[in-house]
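Taking it in order: structure first as structure tokens, then the write-up.
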Amino acid sequence: MSLQIDAVILAGGMARRMGGNDKGLVELQAQPMIKHAIDRIKPQVREILINANRNQTRYAEFGYQVISDEDSGYLGPLAGMITAMGQTQAKYLLVVPCDCPLLPADLVERMLSQLEKENADLAVASDGKREQPVVLLLKPELRDSMKAFLDAGERKIDFWYAKHNCAVADFSDQPNAFVNVNTPEQKQQLSEAIAK
């Protein structure tokens, strides 16, 4: 457990591709997807925040602080991140989505190592083929930069990354760690793969 790192699990989206069902609460292997994410990151961080814009009471049942976007317009992952950045007192904030049930057990360790090695402002995970834009470790002091970005009407997360010294943490040895579930079909495929 790191005393300098808190985490936010992003569960604030509209889940259009999941038929509007709240992805964090969709069951995979008999438990809500967010529970898989919690179990994976809990040993790696000090505190966990859950960013949710609906079903807040249900999310609170997991025993962690639930925060809703400061702006209620469903502005995407940056809105959840900026809200969490304003809530944490930690040196770093880990950001993960609620629909990645196979996150690495060494996620924080490797991301922090890469961030410090490059003296970067943030580190984003890569599965070896592509970067995972909502799996990152960042300094909460970047909040003002993110606020200015959002206030300018910007929403593309990678455009915001480009404004900062961004390290890339390589997880090509764990290519399935960032498999996420956006559709009922993907949920079924992942459930079958886990059961094997």
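Quick reminder: no glycine exception, Cβ is built from N, Cα and C everywhere.
Feature annotation from Swiss-Prot assigns GTP binding site to L10, A11, G12, K23, N51, D69, D99. As annotated by Swiss-Prot, Mg(2+) binding site applies to D99.
Sequence features, as recorded in Swiss-Prot, placed on the structure.
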residue : record           : DSSP (3 states)
L10     : GTP binding site : strand
K23     : GTP binding site : helix
N51     : GTP binding site : strand
D69     : GTP binding site : coil
D99     : GTP binding site : coil
Cβ distance under 8 Å to L10 (GTP binding site), same chain, sequence separation 6 or more: which residues?
-> N51, P77, G80, M81, V95, V96, P97, C98, V134
Same-chain residues at least 6 apart in sequence with Cβ under 8 Å of the Cβ of A11 (GTP binding site), in sequence order, are D22, K23, G24, I34, I50, N51, A52, Y59, P97, C98
Can you name the residues of this chain that are 6 or more positions from D99 (GTP binding site) yet have a C-beta less than 8 Å from its C-beta?
-> K23, G24, M33, A37, N180, V181, N182
If you measure every Cα to Cα pair among L10, A11, G12, K23, N51, D69, D99, the residues listed for GTP, what is the largest value in Å?
-> 18
Would you mind ranking the binding-site residues G12, K23, D69 by how many other Cβ atoms sit within 10 Å of each Cβ and giving me the lowest?
-> D69
Relative to the Cβ position of N51 (GTP binding site), how many further Cβ atoms are located within 10 Å?
-> 28
